[in-house]
Amino acid sequence: MRVHGEVSDDEAAVAGEQVPISPTGASAGQQWLVVGYALTKKKVKSFLQPKLLALARKKGIHFVSIDETRPLSEQGPFDIILHKDYREEHPEVTVLDPPNAIQHLHNRQSMLQEVADLNLSNGYGIFFSGEVCTPRQLVIMKDPSSIPDAVAKAGLTLPLVAKPLVVDGTSKSHELSLAYLEASLPLLDPPLVLQEFVNHGGILFKVYIVGETIRVVRRFSLPDVNTYDLGNNDGIFRFPRVSCATNNAEDADVDPCIAELPPKPLLEKLGKELRRRLGLRLFNIDMIREHGRKDRYYVIDINYFPGYGKMPGYEHIFTDFLLSLVQSKYKRLLSGC
């Protein structure tokens, strides 16, 4: 079923009346899959790129902007609602993804808990004998002067990476700070999360999840820290968004042992488990491999609805994903489920 009402969409530039959906996409005489979206202006610009809209039209997918000042029942009809943060009011429509599940990733205190609870070590039947874990971390809500004592009590080891506690989609929420010395900790600005820094060869693996599809890209990250750095750096070193697309490391001349991607079976198992535990289908995982430990990986961040426009071939992956959703719903209707 859809949410009914009037349809208009300047971005997709698809003219004419919209009719009930065909499960195979649209060509001449066929029907349309209507996807309503409630995204920020920034996300619309990065995600709804011309190459995505052009391919979507060929596959019979029509993107429609949702007016959040009007009742949803007065808009549409929609087969799927795509949103970064949107309150679900129509359970008969496929909503990507459940708002309460998305909220789980807005707080770095809870974000990595599902990874910490996983047990992907000891091979688990996929020919991988390593482990996937999370860095030890500490949440500081207020009073910067209390940070040194809190760090000592928690037994965390310097250097520490400081990240804003709340992830709200702004560039500021993705800024990092690196503290080398205990004396510099009161210079940090709570609320924040402190994570033990793990040397990882300066390479981060950004793992994109789109339903059951997984794609991995390499990005440059913070460089390794050595004994000299610890003894000759003081204060707080602040970094902009480290793993952005401008830090692409796909074609860089990097030690093969550092650049080697995580095993595919591991990523498939991790993606499957996190989809189930988080209740989400659109997210990405930031992973690092501990330098010198081929089989030890850390998940350091999880982001909902990341910058898919930076993922190679995203327009094909995403349109196929949207069509698979309506095909699955169509099959369930035919089977009476």
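Backbone N, Cα and C define each Cβ position, glycine as well.
Automated prediction, rather than curation, is the source of TrEMBL annotations.
Copied from TrEMBL, the annotated features are:
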BINDING   K43, K84, H174, K206, N303, G307  1D-myo-inositol 1,3,4-trisphosphate binding site
BINDING   R108, K163, 195-206, S221  ATP binding site
BINDING   D286, D301  Mg(2+) 1 binding site
BINDING   D301, N303  Mg(2+) 2 binding site
DOMAIN    124-334  domain 'ATP-grasp'
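Between the CA atoms of R108 (ATP binding site) and G307 (1D-myo-inositol 1,3,4-trisphosphate binding site) there is a gap of 19 Å, rounded to the nearest whole number. Across the structure, K43 (1D-myo-inositol 1,3,4-trisphosphate binding site) and S221 (ATP binding site) are spaced 23 Å apart at their Cα atoms. Cβ neighbour count within 10 Å across all protein chains ranks F205 highest among the binding-site residues F197, F205.
Considering only the binding-site residues Q195, N199, S221, N303, the Cβ with the fewest other Cβ atoms within 10 Å is that of N199. Of all the binding-site residues listed here (D286, D301), it is D286 whose C-beta has the fewest other C-beta atoms within 10 angstroms. The two recorded residues K206 (1D-myo-inositol 1,3,4-trisphosphate binding site) and D286 (Mg(2+) 1 binding site) have their Cα atoms spaced 5 Å from each other.
Most buried of the binding-site residues K43, H174, K206, judged by other Cβ atoms within 10 Å, is K206. F197 (ATP binding site) and D286 (Mg(2+) 1 binding site) have their C-alpha atoms 14 Å apart, to the nearest angstrom.
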